[in-house]
Amino acid sequence: MNTLLAVLMLAVAAQARPDAAGHVNIAEAVQQLNHTIVNAAHELHETLGLPTPDEALNLLTEQANAFKTKIAEVTTSLKQEAEKHQGSVAEQLNRFARNLNNSIHDAATSAQPADQLNSLQSALTNVGHQWQTSQPRPSVAQEAWAPVQSALQEAAEKTKEAAANLQNSIQSAVQKPAN
């Protein structure tokens with residue numbers, strides 16, 4: 001901490017210029033140094049090609065919206081499957097859809113793309129297992145589960161791909177050599 005303070009004091013002293021009367025305005029020198037540091041940080045940020053906080057938030061929001069759209073498609077598919085089968089199968093599909101939607105919502109609200117992917121994969125595994133074990137007639141369950149499983153697999157693959165793309169773009173931006 002003392003070293004940092006000494007460096008800052010040295011920087012202020014180097015930045016300070018006496019006025020016509022020979023006086024040094026330390027506050028003005030500190031303000032100029034702060035301005036220089038802020039400009040250097042912005043230039044470094046631009047040189048590395050890093051997204052601004054707003055851009056990063058927009059990317060994550062875009063990913064979350066795409067994820068929610070896919071979930072809506074899967075939920076619609078689940079409801080269509082539920083309409084094909086009456087009674088207990090329809091009830092189980094509705095419960096399955098609610099559990100899936102809740103699990104995916106939890107995954108989509110995770111802060112990190114890797115966390116989203118892990119939560120989604122866990123949710124898909126858990127909900128798929130619940131569906132398969134709760135069905136009293138395995139042949140009906142497997143028949144109803146096949147299109148749902150396909151849609152879930154597609155959603156998982158697209159989410160994994162989107163998370164990987166986002167992670168790669170962030171890593172390449174961070175690793176981009178300064179010109």
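Even glycines carry a Cβ here, placed using N, Cα and C.
Listed features, source Swiss-Prot:
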| type | residues | note |
| --- | --- | --- |
| COMPBIAS | 165-179 | compositional bias 'Polar residues' |
| CARBOHYD | Asn34 | N-linked glycosylation site |
| CARBOHYD | Asn101 | N-linked glycosylation site |
| REGION | 152-179 | region 'Disordered' |
| SIGNAL | 1-16 | signal peptide |
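For the pair formed by Asn34 (N-linked glycosylation site) and Asn101 (N-linked glycosylation site), distance between Cα atoms is given as 48 Å, rounded to the nearest Å. Asn34 (N-linked glycosylation site): 12 other CB atoms within 10 A of its CB, across all protein chains.
In this view, Asn101 (N-linked glycosylation site) is surrounded by 18 other Cβ atoms within 10 Å of its Cβ, with every protein chain counted.
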